[in-house]
Every structure is written in C-alpha cells, then in structure tokens.
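A short write-up of the structure that comes next.
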Amino acid sequence: MREIVHIQAGQCGNQIGTKFWEVISDEHGIDPAGGYVGDSALQLERINVYYNESSSQKYVPRAVLVDLEPGTMDSVRSGPFGQLFRPDNFIFGQTGAGNNWAKGHYTEGAELVDSVLDVVRKECEHCDCLQGFQLTHSLGGGTGSGMGTLLISKIREEYPDRIMNTFSVMPSPKVSDTVVEPYNATLSVHQLVENTDETYCIDNEALYDICFRTLKLTTPTYGDLNHLVSATMSGVTTSLRFPGQLNADLRKLAVNMVPFPRLHFFMPGFAPLTARGSQQYRALTVPELTQQMFDAKNMMAACDPRHGRYLTVATVFRGPMSMKEVDEQMLAIQNKNSSYFVEWIPNNVKVAVCDIPPRGLKMASTFIGNSTAIQELFKRISEQFSAMFRRKAFLHWFTGEGMDEMEFTEAESNMNDLVSEYQQYQEATANDGEEAFEDDEEEINE
C-alpha cells in the first residue's frame, strides 16, 4: 500500500540516498543483507512503502540508482549496505557528465534515460498503489541536475497523477564545488518549477553551520551532513510507515503546503539537534522541540526565515506525546510570531503526529516550511548566473552539446519570475488583494 519509489542520481544524490537507506533500514530493523532483525511488529506493518519483499524473505529497497560514471556506484556497492539493493537497479554510464548540465540532460544522460525508465517502470509494477516518487540529487553538478531533471520530466509524462518529490542540494553561497554551478542550478530550477510537486531545498553550507554550531563537530564530513538530510527525509515519510494519531502522506503534504503551483520550494529542519556532550542536559518536551524547530539556525537551506514570511508550514512530531500539547504549541507560535505568517492563509500550520520516535530518541520533530525567504537562495544563484552569462563565460561547453543560448535566457527569466512571485506574496495582505491580483493575472496570461 502507498509505496514510494526512490531514485538517486549523480554522486551527491547517491551519497545522500545511501545514507537515507541506512537510516530507514535501521528504523525498520533491516540488516545490511536485507533480513529482518527488528523487535516490533510495527516495523513490518507498513514496510512495503519503501521495501519489496522477495521470495526468500529478503527486503529489497524500491530504489533506482543512477549515475553517468561508475565510481560512486562502486563505492555504494562496496559500502555497508551495498548488498541491500537489487543489482539490476544500478544503472550507470561510463563517460560521466563532467559537471555539465547539457551532457546530463541532452547527450550522455539522454542515452541512458530509457534504461533507467525501464527499471522505474518495473519498480512501479511491483507496487500495489503507488503514492509517488522521491529523487535525491544536487543541482550544482551535471548528472544529478541535468539527468535528474530529465528523469523527472519523463516520469511526469508517464505517471502524471503521482506525486513527484525531490530532495535537491542547492549550491551554497560561500562554498562552491564547481565554477559552472550557477548555470547548472538555474537550468535545473527552470525544470523543477514546472515538473515537481514538492522540492526540499537543502544546502551544504546550512548543514555545515548546523554541524559546526549546534552539533559542535569541529570537522564535519559529508557523512555527517548526509545524516542530517536523511533524518529529515525519514521524518517526511514517517506517517506513511508507522501508525500515528494524525497521519500525513506526500499528497496531503503537497495539498497543505503549496498555495500556488510554482511555489513549492521548502526549507526543511529537524529537532532535536544537540551536541553529543550536552544531550543529557536537555529535556525533550514538545515546547522545546517547537522552539528549536522554528529557530532560524535550524534551517537546512541557507535562508533566514525572518527575512520573509511563511506561506505554510508542516510539522511532523514523532514519539509518544499529547496531541493537545502539540496543538497548543503550534497555536502559541502562530500567535506570538504572527508577523512571520501571511495573514491571508488563516491556519497555515499542518501537523502530523506519529507514535514511533527515531532510533535513540524519545521524541523528535521534522519541520517543513514554505517561506518567501527562499527567494534569497534563488536571488543568489541568479546573480552569479547573470555575472557569468553576461560575458558568456563557459557557454561553449553547453552550446557544444547542442544547447541554445535562448534556453539560458528562458531559465534566467523563469527564475527571476519565481523570485518576484515570492516577493509579491510576501507583501500581499488579506484585504489589499482585489485590484492587485487582477493585474497580476493579466501579466501571467500574457
């Protein structure tokens, strides 16, 4: 019932994805060989959301692993959970995309995409009632961004009524891995705006800050960063996998979180995050979780929610707790910080409560915010994009793969439109709307 097919593309996507499967397997009591070693019937009750049970009682992830070079795949296969995945579901090319979006989207990736879709189709046929897809990828590289967005649009064609959910690692403001990141990211956002239902914006820099400031890790590794991401990913789908007092699924989240179809870029957060040494000094209570969850330092995207306003928020609480207390806290935070919530969506916090906490915690919570402050992230990418595009720097790598400059111009203006849409709704009030919105509709229709 309600299965989710997971796809990971590119190096970043595969590393986050693999970490995610470690976390999920741990929650469901699945060992690295796919056997069940858990201790509670609840772990197996809805295990088929993410796992397929083979004839030999082995649980196999509904995961498709995609990359244009064999390197990352090999390290996944030789990693601790490498034997968990179905060998046929590793699909890789030999050439690599070389951080080039055009290679991932038009040339190398396009050659591989049909064999990926075959595997995706096979996974979907094993499903009883497919809920949707989740993709992990980064927007800075070539494969995750170029081929990832190609996969999204192909899957969208074939399964138009299923939810498409992406966990996208955005380029960071200060840390840049590749020079052409702004190009790749802008071209990807151009696709994500049209083709996904929910996109969780994750940012390495924000994750570094959390590891450094909050978790007090002096030298955070990618493993630590990916662990944070996978905690959030596990939180988002927790009510599909475990019974709860108030359930949410991907579609409910989308319906409650997306007021306008293009504005589906969310900031995730997770609580409790405490340094290893100071854990025993903190009481885990609902107020404490709520406090930390709405804290700007806790956001996994490098945007400050205090610079914008929340259109909508979803929170998933995990662990034994009283619903009444959760509701009171949510009401309190909306009343106390009412200026940070748009007033034209009255009750804009969606709550889900699940009874089973993550491993090793008494209670935890996941935060998903649709805030207009996310425009900072797009503005940043857009400025870097314009600076390079004005001089046509590095363009020959993309045009050489058959792309047209026009496509860059379109992507740029689409991203700028997105920024101004966020800005427009940030400034909108409950009663000024009548004339203002009529003008906007005309503009959009042109």
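Cβ atoms are placed via backbone N, Cα and C, with glycine included.
Under the heading GTP binding site, Swiss-Prot lists Gln11, Glu69, Ser138, Gly142, Thr143, Gly144, Asn204, Asn226. As annotated by Swiss-Prot, Mg(2+) binding site applies to Glu69, with the evidence given as similarity to another entry. Annotated 5-glutamyl polyglutamate per Swiss-Prot: Glu438, in sequence order. Under the heading motif 'MREI motif', Swiss-Prot lists 1-4.
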Please identify which of Gly142, Gly144 has the densest Cβ environment, defined as other Cβ atoms within 10 Å, among these binding-site residues. Gly144
Cβ contacts within 10 Å for Asn204 (GTP binding site), all chains included, total 25
What does DSSP assign Asn226 (GTP binding site), in three states? helix
Set of same-chain residues at least 6 away whose C-beta sits under 8 angstroms from Thr143 (GTP binding site): Ala9, Gly10, Gln11, Gly13, Val66, Asp67, Leu68, Glu69, Gly96, Ala97, Gly104, Gly109, His137
Between 0 and 100, where does the mean pLDDT of the motif 'MREI motif' (1-4) sit? 83
Given the binding-site residues Gln11, Glu69, Ser138, Asn226, which one is most crowded in terms of C-beta atoms within 10 angstroms? Ser138
